[in-house]
Structures are given as C-alpha cells and as structure tokens.
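Marked as compositional bias 'Basic and acidic residues' by TrEMBL: 11-22. Residues annotated as compositional bias 'Low complexity' in TrEMBL: 265-278. According to TrEMBL, the feature domain 'Major facilitator superfamily (MFS) profile' maps to 54-481. The feature region 'Disordered' is assigned by TrEMBL to 1-22, 265-286. Residues or ranges marked as transmembrane segment in TrEMBL: 51-67, 91-109, 121-141, 147-169, 181-205, 217-237, 302-322, 334-353, 365-383, 389-412, 424-443, 455-478.
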Amino acid sequence: MTSSPTGFVEENEKEKEVIDGREWLSETSPSDRLKESDERKRLEKKLLRKLDLRMSIIVVIYILNYIDKTNVTAARLQGFEEDLHLEGQQYATLLSITYVGYIIMQVPSNMFMNWVARPSIFLPTCMAVWGLISILTGITQNYRGVLVARFFLGFVEAPFFPGALFLISRWYKRDEIGVRSAVVSCGSLFSTGFGALIASGILQGMQNKLGHAAWRWLFYIEGSVTIFVAICAVFILPDFPHNTRWLTPEERELAISRLAEDVNPPMTSSPDSTESSSQHLNNSKTESPFDGFKSAMSDWKVWWFAGAATAQIFSQSFYIYFPTLSATMGFGTTVSLLLCAPPWVWSVIAAFGASRHSDVTKRRFVYVAVSNTIGIAGFVIAICTMNVAARYISLFMMTQMYAALIVFYAWMSNAFAREPAKRAVALAFMNASSQLGNVAGSYVWPTTWGPTYRYSYAVCIGGAALSTGMFGVMFLHLRAVNRGIEKAEREGKGSVGLKYII
C-alpha cells in the first residue's frame, strides 16, 4: 500500500520506505517525493483555509446562542421583573429552567445529527426556532408565560454547542482542535461582554417605542437577527467530509485521509487490521447511534469528565449574574452594562492564548489548573473587599477561568478520538451533564447575599477546587496509560494504542 499526496490508497507489492512520515515506493525518485509532499501540504493549507472561513460562522451563531439565552439578565435591569410581577425565587427559576431542556436534548440531538449527517440543515433549523422563541418571550405577560418560553428555549438551543464541537472534531486533527474550539467558544465570551453593550443601546433607546417596554424590544430585535443568521448558515456550514458538496474530489479524499492518519498512523498498524481512510471516517454510518451510546455510557472516563465539568461550570456561575455583579460597584444601569465588556474581552484573549499554546505543546491539564488557580484568587479578592478597583480587577481574574473550560473542551474531543459515534454521544453527554452546574449556580446568587456576595464566591471556590482535583486525577490516569503504550513500543510490540494528549 502507498499513499499519494492527497491520501489516495494504491495497491503495490514493491518495497516501500518512509520519507517525511509517509510511505513511498522505493522506485520513486527523491525529487518526485518532495514534489508530491509539497503538493499535499499546499492542498492541505488550501483545504484548511476554506474550512476555517466557512466554520467561522459558528462563532456568530454561538454569540447569538448566548445572547438569546442570557439577555434576560440585561432585561432584569430595565423593569423585566416588575412588568412580569416576579417574586421570590421566580427569577432564579427562569434561569435554571432553561438548562432543563438544555440537558435533556443534547445527547439525542448529537446522536441524530451524526446519523443524518447533515449539520448544515439541522443546526440552522434549531437556530431559527430558538430565534422565534426569543421573539415570543418579548410578548409574555406573566411568570407562567415566560417560564414556558424559557423551558422550550433550552430544548432548541441544546443541539448547537455539542453539535459544533462534534462537527469540529470530524474535520480537524487532534492538535488542531484546541485553537478551533477556542475560537468557537470565544463566541460565548464575546456575547457576554458585547451582548451587554448591545443591550445597553436597546434598553436606553427603545423605551416605549410603539408602546412597548425596552426590555421587550431586546427580545424582538435579537431574536430577529438570530433567524436571519440561521438562514445564511444553511448555505455556509459544512456537513461531514464524505458528503460536503462544495469540496473537490481531491479535497474530500484529503479531508478523510488526514484524520484517519491522525488517529491511526499508516506505518504503525498492520495492513490487515487498518481500516481505509473512508471506512474509518465513515464508521459512524455503519456503527449505529445506539452502539455509540452504549460504548460511551460504559466508559468511566465519560462520567468522570462529566462530573469534573459540572463542578467547573458551577464555579463559573457568576457569568449568569454578571451585570448584577458589575452593578455592585455602585454605577447606574448603562455604565454597569458598559463595564461588563472589558473583562470578557480579556477572557477572550486569555482563552485563545491558552488554547493556542495548548495545541502547540500538546498539553491540556496544566492550562486548566493555572487558569482555575487565578480564578480562585479573584474570588478571594471579591470576598475580602468592596473597593471598586479591587472588585473590578477580580472580575477580570474570574472571567479568564473560561480558558480552563475551553482547553477542557479540546481535551474532551482528544480523549475519544477514534470512534465518531461514541464521540458524538460522549461530547453531548459531558456537556449536557455539566449544565447541572448552571442549574445549581442559578440559585447561588440570591439578592439577600448581596451586595458583597461573599457566600456565593466561597461556593465558587469550592467548585473550582473540586473540578481541578478531578481533572488532576484524569491527568494522572491518562499519563499512566501513555507510559504503558510507550513502554510497549520500546519493547518492540509496535503501536498498541493511540496516545492521549494530556
């Protein structure tokens, strides 16, 4: 077997040798080999540029996903609770009820998307529906109406993020996933910061326009933008490598083969046991969704990661109440919303930098641990003082914790690199389970604990410490597995497994 520059597999019984990590026929001249290697690199760069350009719309979708989910926090500052006559814990319930549907639907939606293999249709359809629900939230008149709207909003928003992570994992190699996951996830960070800026403009300028309160216009406008972007996304998003129509035949074969080589290097497995590139990348079409479900649910790593992610999300519940925490510094509504943006801009920079460096070094845990440690220091500062400058600095230290979460998302994909059907379920289950942290976190910030919110910050410290410890246990386990693989290779047993990026 020999590989052409585009990854095509050809039959030949002649002697092979390895050049640049690939197999070549010994009769091929060195100059031809270099030309073919250079041609593959050129084609690969072209494929990645095309793919990155189209995948960039996922960032826009994620921004709108978070804005439509969290715009209620900005509406709260402009009469939302008063107009709907909310009392006691009803506002916290509105926040938490969204995550009920969000949790329920993530695994089934990823199984379905993997089975139908048309994310370019499935994800934008869900997006259009949640945009419509956001608009309908603006016409609600009481607690019951907005509770129903928020519940179903969680259902239709659920498919997007695990679906986006799975889609990325079906196109990029293991050492390319981190930075792409970071770019996508930074959409949520941008939305938290710049969503507040957009909200401040709408809330300040749309009060009583056409007889509607400004907070209602917030839902009308942002929901309408979501529907428009959903329509555009149908024509931009890719499907999977084997059925994306805008790829050339060469690009399609390269997209398939490069991932097969990434998880099953051609020179380390026997020909009899190695799937072809197409078979490997398409095994989600032959392996049923329920096989993938059973495989994922029987793997203890899935459950352990899910528990650690739940604690991590719980420790970051401050984002749900971020405008409220900004307001504790004593400024008015508009200024408080404007002050939300800089900490989230810093969060984007920190998350992208950590993820990019994590891909380069092929390490994950150390970035998670350092980011969480800085976040815990920010919580401690907020507990100890009401000084405006110190509390504002503490917000920057808290928001950078999203670097830990985003690096973890790449780690999740790396830990289940071989089996697409299993990976679809594992990513969805871990992300869905982690949302229990948001459900619990919605109740950690009662107004009776304000304006210091010392108890809230103390609870977040506990969550961050727990998640860091659990990630550390997984790191030690996977490092031991890697060392076992390396030992087997040194003893001449060949490649006995795919080493984990930890």
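First residue shown is number 1, and so on along the chain.
Cβ atoms are placed via backbone N, Cα and C, with glycine included.
Keep in mind it's a predicted model, so treat the numbers as computed, not measured.
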Need one number: mean pLDDT over the domain 'Major facilitator superfamily (MFS) profile' (54-481).
85
Result, the transmembrane segment (302-322) in contact with the transmembrane segment (455-478) (3+ CB pairs under 8 Å):
yes
Verify whether three or more Cβ pairs under 8 angstroms connect the transmembrane segment (51-67) with the transmembrane segment (147-169), leaving out any pair fewer than 6 apart in sequence.
yes
Hey, which bits of the same chain come close to the transmembrane segment (51-67), Cβ under 8 Å, at least six residues off its ends?
123, 127, 130-131, 157, 160-161, 164, 167-168, 171, 180, 183-188, 190-192, 194-195, 198, 222, 225-226, 229-230, 232-233, 236-238, 255
Should anything in the same chain at least six residues away from the transmembrane segment (302-322) have a Cβ under 8 Å from its Cβ atoms, list it; otherwise answer none.
70, 73, 95, 192, 196, 296, 340, 372, 375, 395, 398-399, 401-402, 404-405, 408, 412, 415-416, 426, 429-431, 433-438, 440-442, 444-445, 456-457, 459-464, 466-467, 470-471, 473-474
Report, as numbers and ranges, every residue of the chain located at least six residues beyond the transmembrane segment (389-412) whose Cβ falls under 8 Å of a Cβ in that stretch; write 'none' if there are none.
165, 177-178, 181-182, 185-186, 188-189, 305, 308-309, 312-313, 315-316, 318-319, 322, 325-326, 328-329, 339, 342-344, 346-347, 350-351, 353-355, 358-359, 364-365, 367-369, 371-372, 374-375, 377-379, 381-382, 426-427, 430, 464, 471, 501-502
